[in-house]
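Trainee: Take this structure first; my questions come after.
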Amino acid sequence: GVPINVPCTGSPQCIKPCKDAGMRFGKCMNRKCHCTPK
């Protein structure tokens, strides 16, 4: 995935930031959001 500079404690928190970044499938890894490009 593509790491973005968004802190998180759970993957659901990454859904919107990833969509806002034009990507999908956010996951929380190492307390940062990681997104999958479209």
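Counting begins at 1 with the first residue displayed.
Using N, Cα and C of the backbone, Cβ positions are placed for all residues, glycine too.
The annotation disulfide bond is assigned in Swiss-Prot to C8-C28, C14-C33, C18-C35 on the grounds of similarity to another entry. Per Swiss-Prot, region 'Interaction with Ca(2+)-activated K(+) channels' is recorded for 26-33, and the stated evidence type is sequence analysis.
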Trainee: Count, for each of the disulfide-bonded residues C14, C18, C28, the other C-beta atoms lying within 10 angstroms of its own C-beta, and report the residue with the smallest count.
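Mentor: Each of the disulfide-bonded residues C14, C18, C28 was scored by Cβ atoms within 10 Å; lowest is C28.
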Trainee: Per DSSP, how many helix, strand and coil residues does the region 'Interaction with Ca(2+)-activated K(+) channels' (26-33) have?
Mentor: 0 helix, 6 strand, 2 coil
Trainee: Determine, using Cα-Cα distances only, which of these disulfide-bonded residues is closest to C28 (disulfide bond): C14, C18, C35.
Mentor: C14
Trainee: Work out the three-state DSSP category of C14 (disulfide bond).
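Mentor: The residue in question, C14 (disulfide bond), is helix (DSSP, three-state).
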Trainee: Tell me the Cα distance separating C14 (disulfide bond) from C35 (disulfide bond), rounded to the nearest angstrom.
Mentor: 8
